[in-house]
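Undergrad: Quick paste of what TrEMBL says about this protein:
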REGION    175-206  region 'Disordered'
COMPBIAS  191-206  compositional bias 'Low complexity'
DOMAIN    219-349  domain 'DUF4439'
Amino acid sequence: MLSLTRRSLLLLGVLSGAPLLCGCTHEDRPAEAERKKADADLPLRARAVADTDRLLAGYDAVLAGPGAAQGDRLRALRAEVAEHRAALSTGLPSAAAPPTASAPASSAASAPASSAASAPASSVAALAAAERTTAGARLADLAAASPELAKLLAAVSASGALHAAALGDSGPVTGPAAAAPSPSPSPSPSPSVSAPASASGSASASAPVTPRAAAETAALQSTLAAEHAAVYGYGVVGARQPVGPQRSEAQVCYLAHQAERDTWQRLLHSAGATPAAAAPGYQLPFPVTDAATAKQLAAHIEVQLTGVYAALVAAGSGELRQSAATALRESALRARQWGADQAALPGLPAADGATANPSPSA
């Protein structure tokens, strides 16, 4: 990876380097505290595995009945759910045996999890609804999870939303509480010029300062830098698309990333930090010369952002963690919309070291 310079930031470097910033922030804690936190994760893992087993049973029931004609697609999705189970079962005493539905319940997760699929799904539509509801249930355990488990839960939730959409259910994924709304995006005169930090944060400049942990602040700065790059990148994407639906979609994504940028600027201001400014210019990760390569760039931006937001989930807490998980999911959904092939756990490295392919599918 090329290094950052003072005059020019690389889009690829900004987006893919951010997870490195806070991926190890929890390693400096005392070993005993980490062990206790890992032990506290076990009930959360057990509940998530139980929900996943119900989803797997639903896939089996639908494959054996009304979904037989969609066998290839359903089997591919089921394989990803099986990957979720393998990751979630890490550390459980009996990881090979499906846990019972009476896994320890806590907080708001027990209700949505038990209602997600109390019986195997009987149709593709019911299976899609179970995926979406279970994705919401995973968000309810974010606050209580360790940083590493929180990243995994957010990735599983994002994947569940992708599965639901692939099966025809694009309804909202709701967690325990709605995240703070993003501000209206501010206009930018050109792809490479974002609104000044002082402008977007002026509304909160007089508000009481609430300091954040150093790891949270660093992760927010890294996320803001990635969103600055994304805003620039989408300006390029839109400029290379002909008038029509693709250009309109690029504009929607451009505005969405402006809103995300403004949100992180505001949070940094409220913490008493100076938000990172946009770079004077950005070098693209590959030449963008036409609509096809512009689509590839959009997919690349969103896939890389899933990793950025997974890192913010790990570094954050409370509402920030929930907001980061929501942003991870939205980037995963946008990546799918632009045709990206994604891993079973968006935002996390694949077990074999491979990464998702951001190139649009044919």
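Cβ from N, Cα, C; glycine included.
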Undergrad: Could you please provide the mean pLDDT value for the domain 'DUF4439' (219-349)?
TA: 97
Undergrad: Which residue counts does DSSP yield for the domain 'DUF4439' (219-349) in the helix, strand and coil classes, in that order?
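TA: Split into helix, strand and coil, the domain 'DUF4439' (219-349) gives 93 helix, 3 strand, 35 coil.
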